[in-house]
Every structure is written in structure tokens, then in C-alpha cells.
Amino acid sequence: MEISSSPWNDGGYSPYERNRVAVSPFSSALEGEERIETSRSLGDHCFEPLPYVTNYLSIFALFGKEIFGDKGNVSSRNEYLLKKYYSLKKPFVLRHNGHALKNPDMPLQRNDILQTNFMVDKFLNRTVRSVNFNNFKIISDMQSKSGRGTKSGTNQNQSADAIQNICLPSIPSALPYFQYYRKLLTVNTKEWDILKLHSLWVPKLRKDFKDFSLYGDKNSLKPIDSHYDEDNTMKKNLFFERSPSRQTLDGKGCASKGYDISSGNMIIPSLFSEDKLPALTYHCSVELNGNIYIFGGLMPCYSYEEDAPMLNDFFVDGIKNLPPPLLPQVINNPSMVNNPHLYVASIPSCRFSKPKMGGYIPPPLLCVQGSKLTDRHIFFYGGFEIRTETRGDENGKYHLKKRLYVNNTGYILDIMSFKFTKIDIIVQPSKYNAYPTMSSRFGHLQISIDNPNRRASVHSSSMNEIHKMGSASMKQGSSITSGRLEKAAVLSSLPHNTVHTVIIFGGYRQTGDDRYEAMNDLWKIEIPVIRRGKKGYCKFSETANAILLTPSEKDKSDWPEERAFSAFSVHGTSLMDRSSLDMRLLNNLKNHFVLKPSYISQDRVVSPKPVFPMMVHGTHQDLFNSGSAAQESPKAGASASSASAASFDPDMDDNLENYIVNPGRKSSSIPMTAIGRQRLILSQEKPVGKTVVLHGGSNGLNVLDDMWLMDLECETWTPIETFAKADSSEDGDEKLDSVNVGLVGHRMESIGRICVCIGGMVQEDVDQFYSENDDEPPRKRKVDTLPLGGNFLNTIDLSTQCWEEHKITLSKKEDDEDRQDSENEDTNSNIVVGVGGTSLQCDKSIILIGGLISRRSNVKEIYLHGTITKSIFPSVNPSA
């Protein structure tokens, strides 16, 4: 039985007809269309498709045409589809029957959007071909017998003999999946789409790349002797192993022989999905409830490197003066198309899906930022859209004109219905600026603030007065005059149960054609909630209020300079406390614990209600002196309390009002030291503060290297000096040198007090990427020299403010190379540079999705990272 579900029916074109490759979708000229006489009048930038360094491969594709049959010339098909894709992007004058559009920002018509999305689906539809289930069953039987170590029988038919004579790969780790998939074949053949959901995608590595290594070793290059074997090198690899004769990973080689669970690792998980994960770059990823929601970005029009189309017929007038880390050779590449879809990845279950979106769907955006509003909603803001106009000439050439349009609209995604809601940002006027404006931006900082006051909690009178003062001053439109920020702007001007707050800082704005300017303005966006429902449903207002937060004149020096594409993460303020442990514990007891008034009054409570009735220690009785405590006189108890108070720090007796739970109730209060074994209750007077760590970024081609802390409670900035451990001196004392690590386009994740900076460019990389001479050879550094921040992983300990060195290298095996002069080689030549990807924390790991990778020895040779990488960092600092 053979079921055919071929997707090649696209208007009569067949990829097997080689003489149809040069056919142009512009063959029938539209009325009023202008032809181009010279082939290089609009652009002369020719591009090449980007290769893959990691990618996902269907497990059925390992057997090639034995299961799927001949796939044909996919490269020619993709070239035709790419020309058809750009033929839909005609100039606006031609799209509307000759009526010129005065507004270039007018969005595309719905019909154009549907046609464009249809063509993108054609690019992604790669593995749905004719499946020969008879051959699949035979191969499955052969894999099963090979896994048990038995030989195939001699009573097979001719088809089985023909397949057996072919050298098929033996994958023991895939045997359970083959057995599982055979059971799925018992379903009704009319429901073929069900089987697509159970397709398994396994990671694939590039041939000339061997392994990843979490920590680089300067002594990794050593002479070969008789005692040197492959096992010695594999003990240092903490990621995965691959057989030298194969391109795919085997289940037995996922961990090296010398693997230590406390040293951390990095793996590429396989995925169950109907669709292949595209190699996205400059996209947005948000983690919510254990799932990762991926939106926007660019993706290649080919799923595999061998399917890449020829780009000789495309000439691009691209976007100029792009700031780092936006690479012109990627943004302007005609093989990189906009991603119009939303993807959902579940890391614990290794599931990947492409849901159908609804509502006010935003355009394909690059460098858009997303943040969590509620457990059900995600807020997207900023980014930019790339719009392309296409013209054809008499020679069948395609001249593309790409332009950048910055987005200034917010969108809220409901993850249960996958519907988008459009939010317009309205700036609140003040007495200093009656008509303020908020510039459209990309590459900005965006953080959602979880306001704990939305829940019922105990507030002190001072906090209530601050709320009243803040609301009154906001109504008067007063500006920021006291402190570094205006106190009224710290608190929300709307009720806490009807508003969600988002903080936005910096980014690039567009000041003209191909001109961009960095900013350092700080905004607070308040998104009102009109109605709430079951299961976390919220109906948001169509408009959101934006409040500008500016520093005072005397504190402008304590404010970060203009920047964009900086890294940031959120930490608790307690991480920056330098006091000793005992003092922190005492201060915590003093500030957050009070005595319940009923238990320190003159009349003892006869039968108190237990906190935990099922536990012995849950009662309020003195279990240590139960017999004598009941007969103890109040006077003795009072004297004991006073004696205990006198024996401790007398400074704690000064502020007695801090221990009063309810000012309206008559009750006595005593210092914290006199509590003894009485019951303590936690005071919810003050919410836990949060601190935003901001590092690096760029202002044009200048890479910044400073680090700042922002207190979200007070909304104040504080510069932080960073250090690096220097070589030990002769007396054995360790020295610290004050250093600044400059990075742009990197990501930051927090693990306790450790900040992990992932990827990014240093100033040296920016100088090479954005040099005017593209043919300039890469600069050669001195041996064993690496710029600060040149590693793929850079970590800093916030408690010591010290940078630590970690590396991810791509090691290339060279069997026939003499290593006698290895000391003269650059040991850092295989360290990688990564930009354009996203990182987030999910499933107790750091997840890396997509992006671009290149070797530091040749940064202009860019590769696509088309997989999801899961990183588990060491539980113990190896340098400690």
C-alpha cells in the first residue's frame, strides 16, 4: 500500500523539469509596470545562501529514497518558489491598479499577506513526500533484528533483498521509535495528518565541525604519541559525541566517557513535531508556564543546505547603516525571508508546534521584545519590519529594494486562544511638555513588573500616604523633581488591580532613511484591564498610558548613556548585600517579624489555636518547660523578657513602632530579642524588591562596556565597577584588576548570584563585520590573546563583581596535521561568536534558540544555528 501526499502541485510547475528553472513569474507584465533596462540599476549586491552548522533532520530521511522515494531537485524548486515569493512584493504603485500611495507606511493588503504566508509554508513543507510503507516495515524489521544482534532470514521477497543489499545506517537508539511508529500505521489511512504529529526530528552537525566544549583548554593541542588515543580527548567534551563516520548523533554517544554530572553539559534535544523547526534569527522568545513562544525574526527559504536556491538572478538595494548586531549580509540576503508564524516549543516533552493565530495579527517583526503580563498573556512591543519592493528587467533578473519600518504598536497574545490584541501607546502630558511623544524603537530593554499589591496584603499608613500623594501628583501632571526620579512616577497612577506595568529603556529610533539614533529614555507603560474572567482571562484596554521617567539635573551623571541591544536580567536585591550572614539574619528578624499582641499581653491565652494541628510543635505551648510554664507568674515572665532584652543590642529598642501589627488596636510591643520561644508572624508590610542588571550595548559602532543596576522599587540607577582576577603575586595573595567587558547583542541569564552572558560581539568583531572593505582579510591576533568578553560564555559573580572565564569551542579534528609546532598556533582560533539568537530559562536549564554562529578566526563566515540547545551549567564553580 502506498499513500501519496505530494505538495508539488503549485500551478503546474514540476521541479523535475530542469528547463523550467529560468521561468520568471514576471513573464506576464502587469499593466503600467516599468521594466529596468540595466541589470544593476537598483542594486549590485550579490549574496550566497548561509550554510547550517546545526540543523534538524527527520529520522526517516536517514534512509533516503528507500522510504520517501526520489525527492527530485529541491534546489530548483526553491529557486522558483523564491522568485514567486518576491513577485508578490511589487511596488505599492502597482499593487493597487496604478493608484499611487502617498503613505508608504500603509500595511499590506490581506490578500497579499495570505499569498506571502502560503509561499512561506511552501518553503517549510520539506518532508511530506510519497511514503512507501512496505519498505518502511522491511527496514523497521531489519533495524529490530540488528538491535537484537540477529541476522535477517533468507525467506524474504525480492524487495527486501534489494533493500538489504543497500548500505543502510544502523541506529540502535531509533529502534523504540520505529516500534512506536509501526503501531501508528494501524490507524485509518484517511487520517494521514495524525501521523505527522509524531514525526521525530534528530539533530545534525556539520561535517567540518566536531564537538562543542563548555570550557576551553589551552593545552588541548598536544603532540601525538603512542599513548595518545581518542578516549583521552573525549574526556574533555561535555556536550555530546558523534561517530566520525556519521553526521547524526547516536543515543549511546550523548555523554562522553569522562562525563561528570557536576561539571555541566549542553545537549541538542530531539523534537516531536509535524513541522521542522526553522533556523530563526533576530526573533523573540518568551517562556510562560513551561512553554516557549517564538515570534518574528528571519528564516532561510531552504530547510537544508543542499536545498538552497541559486541567487544569481537577485540584486538587492539593501538597508544601509545597520547598527550592530544587525548584520547586513543576513538582513539583506534574499534567501532570508520574514517569519510570519508563531511557534510553541515544550522543552520537557520535546514537542514543537505551529498554532494558528487569530485576532489582530502583527506583521513579521524583527528584534521585537516580549514580556510576561499574566500567566496567560504576553506583551510584545517595538521591533521593525522589513518591506521589500520587487522589479523585474528584460533579462529575467530580480531587483529587490528593502526598507526598514520601526513598529510603535503593542500587541498582547492570549496563549490559550492564540489571539492577538492591538494596544496603542498614548503618552501622558506634563506641565513641561504638553505634547510628548514616545519614539518607535528596537533593540530596547523591556521588563514586566509583577506588582504584589494586586493581591490583598497588609499596608502601613505610610505606604498608603505615599500612594495618595503619588496619585494626586500624577493628576496634577507634576514632573520629576525630587531624588533621581519623581516619586509620583514610581507608583502606578491607576488602581493596582486594574493595571499591568511594563518598563522600557533605550533602543534605537529611526531618524531618517537608513539613519538610527540610540536613546537612554526610561518609560513606564501602564496597560489597563477592563474585565477579568475565568482561567486568567483578561480584556485589556485598546490604549495604554506611557509615563516618561527622567533624572533630576544633579543626578544626570548616575544615568546610563544612550545604548541599544544591551543584556539585562532581573535579580533580588538581597544578592547585592555584602553584610555577614549573622547580621543579615538578625536584620531580617528585626524588620519582618513581630510578636502577636495576644501572646505578650498580661492575660495568657488558655487554649490557643494551633498553626499546624497535626504536628506536635504546632501548638503554642512551651514544650521545653510545659510543667513550669503554666505556673509561671506574669511578673516572672515580664522580668525574663526584660532581662533578655537588656542582654542584647540596646539599639534595637529604639524603633518600637516597627513591631506594631495594627496601629488601631491596643497592644503592647517588645523588641525582637525578647521573643524567646513565642510564635512569630511574618509582616507583609513591604514587597520584595527587584534589581535589573544592565550590561553593555552599543551606540552606533561603539561598543559599551559598563554595568548598571536599576532598583525597580525606587527606580534609581547605580553604576557598578567590575573586576577580573589577576595572576597571584609572589606572596600568594590574589589581586583584582578593574576591567570593563564590552559586548553588544548578547543575552544575560541569572543563576543565583551568577550572571551568564551568552554570545555577543566585542569591539574587534564589530570593526571586522562593519568594515567598508568586504574583501579585507581577517585580522590576525597574537598567539594566546583573546579580547575581554571574546568567549561565547562570560560569567560574572555579582557578590564579588568579578568576571570569570568560560569557553565554548568548536574543535576541528585534523588527523594528518603535524602538531610538533602547536605552541605557535592560535589556541583560541576555534572559539565561536554568536549573535541573533535568544536565550531563556526553562525546565531548570538555559535554552538557546536559533541565531548565527561564526568562528572567531573568521567572523565573516556565518553559519545558521537551526536547533534548540539546552545548557545545564556546573553546580560547583570549577575555578573555586
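A Cβ is built for glycine as well, from the same backbone N, Cα and C atoms used for every other residue.
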Tell me which range among 338-363, 598-623, 624-649, 754-779 Swiss-Prot lists as region 'Disordered'.
624-649
Quickly, which of Ser24, Ser243 does Swiss-Prot have down as phosphoserine? Just give the residue.
Ser24
How does the model score the repeat 'Kelch 2' (377-425) in terms of mean pLDDT?
92
Number of helical, extended and coil residues in the repeat 'Kelch 1' (291-339), per DSSP:
7 helix, 15 strand, 27 coil
